[in-house]
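Sequence annotations record features per position, and here TrEMBL assigns domain 'Acyl-CoA dehydrogenase/oxidase N-terminal' to A:78-154. According to TrEMBL, the domain 'Acyl-CoA oxidase/dehydrogenase middle' annotation covers A:161-269. The feature domain 'Acyl-CoA dehydrogenase/oxidase C-terminal' is assigned by TrEMBL to A:281-444. According to TrEMBL, the feature domain 'Acetyl-CoA dehydrogenase-like C-terminal' maps to A:461-587.
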2 protein chains.
Amino acid sequence: MPSYTAPTKDQQFVLHDLLNIHDAKISGYEDLDRDTTAAILEESAKIAENVMAPLNVVGDQQGCKLENGIVRTPTGFKAAFDEVRAGGWTALDCDPEYGGQGLPYIVATAVGEQFSAANIAFNMYAGLTHGAYSAIHAHGTDAQKATYLPKMVNCDWTGTMNLTEPHCGTDLGLMRTKAVPQDDGTYQISGQKIFISAGDHDLSDNVIHLVLAKIPGGPEGIKGVSLFIVPKYIVNEDGSLGDRNGVSVGKIEKKMGINGNATCVLDYDEATGYLLGDMHKGMRAMFTMMNEARLGVGLQGFAQAEVAYQNAVDYAKDRLQGRDVTGVKNPEGPADPLIVHPDIRRNLMDQKSFIEGGRAFIYWGAFMLDMAHRNDDKATEGLVSLLTPVIKGYLTDKGFDYAIAAQQVYGGHGYIEEWGMSQYARDARITMIYEGANGVQALDLVGRKLATDGGKHVMAFFDLVKTFCKENADDDAMTDFTGPLKEASKDLQAAGMYFMQNGMKNPNNALSGSYDFMHMFGLVCLGLMWGRMAKAATEKLAEGAEDAAFYETKLATARYYMARQLPMTVTHLRRIESGGDTVMALDAEQF
Amino acid sequence: MPSYTAPTKDQQFVLHDLLNIHDAKISGYEDLDRDTTAAILEESAKIAENVMAPLNVVGDQQGCKLENGIVRTPTGFKAAFDEVRAGGWTALDCDPEYGGQGLPYIVATAVGEQFSAANIAFNMYAGLTHGAYSAIHAHGTDAQKATYLPKMVNCDWTGTMNLTEPHCGTDLGLMRTKAVPQDDGTYQISGQKIFISAGDHDLSDNVIHLVLAKIPGGPEGIKGVSLFIVPKYIVNEDGSLGDRNGVSVGKIEKKMGINGNATCVLDYDEATGYLLGDMHKGMRAMFTMMNEARLGVGLQGFAQAEVAYQNAVDYAKDRLQGRDVTGVKNPEGPADPLIVHPDIRRNLMDQKSFIEGGRAFIYWGAFMLDMAHRNDDKATEGLVSLLTPVIKGYLTDKGFDYAIAAQQVYGGHGYIEEWGMSQYARDARITMIYEGANGVQALDLVGRKLATDGGKHVMAFFDLVKTFCKENADDDAMTDFTGPLKEASKDLQAAGMYFMQNGMKNPNNALSGSYDFMHMFGLVCLGLMWGRMAKAATEKLAEGAEDAAFYETKLATARYYMARQLPMTVTHLRRIESGGDTVMALDAEQF
């Protein structure tokens, strides 16, 4: 049976030693001193470890069941959900006007890491609600906000996002769901939506569906899409629940993972819907939440690697197999623990250096989102928009890879469901797909974000790297880190240059390299994070910090990252510079 | 519902255009002309496509059930198994003396590709039998061979291999299962074995377990392990089945995949066993089958990528989503098919170039095994022994990666079990683990095989590459291929040199790079295969071959491989040359 221990010390290292959130001049960060974040993270850790983690395997094994039109979640989910709601954990970064706690997004991110690692499927019920909450908060009328938000903040009512239809996911312009205007200002929504996470369940009194649909007679394609609020139960004037609306669960999908979450086919049959935001501007309304949602998925992917890693380390220390080739390490026992073997080390160091670097990256992203929103900082908003597809794409691809790597440490036991490692891999797999498949993230990065505002955000990123390297140029202790980082950053710049010079001639030259570029960018971002973490650790050691071993570990892991992970940029660059011709050479029938 | 179409044309390209098996001077190859292999592969294709493939999803969904001590296989497995047996498909490369067809291993490999792609779990019942058959064939007494082999050749009786115990997999010296000698020359076997594939089932009349166990008083550790035949039903003198032996199924494991195959815990309680081969030489007996078994697992891994790729291509041609950025390709439709998009191409070309290169590599391996065994060619035996961990490790790692990549083409549909792509990935996952986890393959390669016979086999490999490049140095059409191959081969040599120079000082310098080296070696092997395939295609085109498009496709795919896959050696080399220090820097408690 796998377990989870919240890495609060590592989390605090990123929050305070790396990002210095206690000193950040961001509105709402005033109270985020070390004691406060420690108090929050220790409380959330209890929930993650004791309430959520024990239900992770249960959710996977039982899945959700559709019985007479009613969706039943796995045993224990309802009680746990009530405990989480009662503790205020769904309301952390919500607006105090509607009952939220008003904490910055970075706090929600740190807590979210713990929750996602402990039980991703369970946390999606609140996660989707938060997405719907944000949409209504950003685009709703005062009346809509007053009706829905107070109930959604604490998950009395949960929410969903309805985009996909059987024939369209990425290309939502093909959408068929219709919204027919009624005399009373409402709309009748009809159509089928699929892959609706947390689409229905027995955890809350009402489910507030946000549904994209087309109003007949509107513009063709994506420009004719509007967003609607479609509650499972109609809400009466007085706020009480009225009639069942015309939305029903067609089926629950049988999936590779996240079985504890009900992924539903939802059939809308003249359901009553209320326009949210402007007519035909549904995509824009969706997009305002996109950065946050994609960061959230990046967090999920990375978190699966984290919990898988923890368990792999325990197993590697515990399992006796073979002897250390440089000399017996466990003479009392029949064999040495797995962790003495260099290839097991290589595997665990890959995981560790990714996980700690990934955490820094995603917390930095959350930090920038707070700065953008709370300080209305446009430059930072541009930078975090640029990096969002990297966070989503890179952290989920690698999160999955390292969940697989952790599973590998277990040998045959990793393949047996009883040990739980398969579930982490199967659960992580979805994060590469939903909220925009990673190929679409790469396209967004190279086809859109790179050139935004004349390319000034990517230049700002390179300046960050350059400045960091320059600031530490005279520090001998730092050249182990700045050297490789500078080199990798140059590779990334060269790739960007290649796109500029050759993408004009033929966009396929750029788009054929988009996936490599996304990964390359991720590598350099983690390189920057490791450089900064090495700096922070060096300073702590110079200050004579108490827990020297902790900071030494950071330095050793940073060195590993520079030596073994970062050089991957070289291959990515080679691929990119080979251009689009070999990629596009075949006719479709030659495949 | 996924489907499978046997790629007989591609298979024949490798057999005849690349390997020229019809001209090979190998004993038993005399009749392997194009018509013969075509006839065999077309017949086996019918079985793979029509009998096995339709049961793939069934096996996954139903799994195997243990009912009152009896293992029930999924619906349809028994009838299909009978059809396969009746067709002689289990006897292809078995000894004619015992009812086999005496065909070379390369034919069994080509047929095995089809069968594994169509239904890996189903084919493991015959596959494990073949392994047990080979062990008895190599090490059995005449009486043992006469008793068991005729029944095992056609799978009237099936076989298993019992190595792993709960506390030991890789390190079999820790084994606890005991074999106590009896006065009548038999042994009483007691202990628990786990992860026994095809461990029990309702497909055959008897199950012949080959069991590793220790005879009390023998040498400590791995040197005291012997191999025993332990039939489920004791075989009477006259060959009829007698009493049930003391072996029972403790449970069937719930696994990530290959659910159609019963992975059993087997409890031996004073079961009657017969010594197979010499006392205390059980590991040696096992090892004689190792190369073949590991090649077989490499084949399984690669085959899952192949079938997943086929389906991904179909989906990419069928699914309409978005428009080609260089101009609309499907003006009549609401969108263009996925396959127009560069990143989908990149993904499919990665898969295609791996699969076709991987096929060539593994068929070459089978070809060399035949040459080694049938022509008693020691040099070739040394080379194929060297390459076996590469075939197993690289082809299964990449086979899994590309099954995941194929799943990604489906977007959300890839995550839904109904579409079948998840199963290919879940099934492929085991191939990285069993028959020696891939980390152990890397260790075998770097820690043992590289230095075997004074390193002469790895030198022979480099000579092959060098000779190929030299032979084609003056051919302008070939420099696109020989150039990158030469460069990658140099990287591989440099890595080997690094090990030699630094592994003596500290073996961790070599073993920390073992995994990278295994992958690097795989890349170069596929590079050599693609070089040779390009050469063969060029010659065919020069001859004015009928199907020019087929050969042009090979050339284009070879170019893709050289441009986009092979440069990965650069990063592997960088990692290796960074040495073992960063890998081994942490104490166990720092993880």
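Cβ coordinates come from backbone N, Cα and C, glycine included.
Of the ranges A:78-154, A:161-269, A:461-587, the one with the most Cβ pairs under 8 Å to the domain 'Acyl-CoA dehydrogenase/oxidase C-terminal' (A:281-444) is A:461-587. Per DSSP, the secondary structure of the domain 'Acyl-CoA dehydrogenase/oxidase N-terminal' (A:78-154) breaks down as 58 helix, 0 strand, 19 coil. Here the domain 'Acetyl-CoA dehydrogenase-like C-terminal' (A:461-587) has, by DSSP, the following mix of helix, strand and coil residues: 105 helix, 0 strand, 22 coil. According to DSSP, the domain 'Acyl-CoA oxidase/dehydrogenase middle' (A:161-269) comprises 7 helix, 54 strand, 48 coil.
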